[in-house]
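**Student:** Next up is a structure, given as structure tokens.
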Amino acid sequence: MRVLFPLLEEEIDVSQESLVSDVCASIGLPLNLVCGGKGRCKKCLVNVKENGEMKEVLACQYSVSDGMEIYASREQAASQILETSSNSDLPFDPIVKCYSLNYTDLVTPMCTYDLDVLRKLIPQTIDTPDYSVLKHFSEVYFLEGYERLHVIVSGNRIIDFIPSNEKEKPIYGIAFDIGTTSVVGYLYDITSGCLLNQHSMLNKQIAFGGDVISRIDYAGEGPESLHKIYEAIMETLAEIITQVCKKASIDTKDIYQTVYCGNSTMAHLFLELNPKHLGLAPFLGFCKDAISLKGMDTPLPINPKGTVTFMPLLGGFVGADTTAVLLGLPRDKKMRLMIDLGTNGEIAVGNCDKYYVASTACGPALEGAGLTMGMRGTTGAIEKVGCENGKITYSVIGKTAPQGFCGSGIVDAIAMLFREGLIAKRGNFIKGDALDAHPMKNRFGVDENNQRYFKIVTAGENPEGKDIIITQKDVRAVQLAKAAIYTGCCLLSENYGIKGSDLEEIVIAGAFGNYIDVHNAQFIGLLPKIEGVPVRSIGNGAGTGAQLYLLSKEEAGICNAIPRITTHIELATDPKFVETYMMNTMFGDNVMI
């Protein structure tokens, strides 16, 4: 059965029972299945042409038919992904190195061993290689016609020998930050420490759900489902590897080291380990240590003898992305609160001696998902909202007609509504005399479900002629998300034994944290506002940490030790959780416990 993608000028063969969302994912267009393909979120609406009739369908519920045309585009799947990180001057002493030796120096004296000669020529400790490497060594040691023997070493272990007439052999590595929504890869020449380029794209696992719980549920359906979601992340990584190598004009087989960070669910799915027990109390994973594989153990297009390392996890849903962020923080006694404003809402408090960490399960609302007109940070998303002299102002990604709100836009919009007296401290839209007296009263409306909404952009203001609204339900979703984050900050600090006034810096990590208006976030009670305590955004802190691990043997060792100074706290078991959480659903700059 043939299915066509006119906007891509492509067509593919599919099986009869395929869903539109599955077909889109197979061609590299993973749609935003926030609800895990259950048909509830309605974020995967797509136009199709079937039997000559154009219609809008839910991709996760609608089956393809022969000759169907699906009008999905790369832009529909593209989003505003943060690639930049805060460190530009990274230390350089990589785990993987290349030593280039002259064949003329490989002279074995009487009654000695070739490997001992090699060890004397390499200025570091060399352990006995694996059998396959030792066998390869015996084959290349006496080769004629070559001037140089390049020896690739990972840690203290030789992983490859390359006979050559070239004086030097450049080798490359990639540091990856695997997010629930997006994946970023940084390509380095690890003979020089030079960043060559970087590339990002959506995590193709988004076709199986927009959050970790949806993906845990899907993977837990059986081995076939687990393998499909494993293949999705491998395809994502393979595309990034191919793209960065193409841009740098290098062979993917010259990639000898890759390093990965991501939350605990991403780690399990990367390793094709069933994450079922992560989704059930007491939220246990298989292993939190750094895990190393060989390239040949994966379908990734790197050198099969190269190293593949997933950084260590910290406990529960707090994974290697948080470990990576902590690795990139200054190693001093300054007391910090670190907040990663993503779907899992990881939080850490402490200093270089001791950290407490927790995840807050704040949901996808702060990333624009799960809202009536929420969307990823892509073209058409409102990213900034304000009000000047009674007139609502906004800016749109791509400077096009507005389609909905991304995370930073929804925070600004809620702050504006609260500041202008359009919602009360408890989150209710105003009504009665307060509504009648308000100059923006005509922007309110009621939908078919008798739910009130407010028009941030009216149909008359929008070139596409549609209202862009925030409903009462959307306000509640933001209240729950911000309460989760703020409660996490309060209880984690209390468990650590400090008050808000003891903090010396608040650090915001992640893509959303980089785009958010900090003052608006503090105004609605999403972020703590503590007098004299600065708030600093570090961009993609997880990406910085992954690069540190790639480029420095010492940093990798420090990273592997972070779990030993870190205590994971399960916030939901704290006796104060419910009371604190309910208090923090209120809008306003709350006071930390």
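From the backbone N, Cα and C atoms, a Cβ is placed for every residue, glycine too.
Got these off Swiss-Prot a minute ago, pasting:
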BINDING   CYS35, CYS41, CYS44, CYS60  [2Fe-2S] cluster binding site
DOMAIN    1-76  domain '2Fe-2S ferredoxin-type'
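Explain the structural surroundings of these features, please.
**Tutor:** The Cβ of CYS44 ([2Fe-2S] cluster binding site) has 26 neighbouring Cβ atoms from other residues within 10 Å, across all protein chains displayed.
Summed and averaged per residue, pLDDT over the domain '2Fe-2S ferredoxin-type' (1-76) gives 78.
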**Student:** Within 10 Å of the Cβ of CYS60 ([2Fe-2S] cluster binding site), how many other Cβ atoms are there?
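**Tutor:** The answer is 28 other Cβ atoms.
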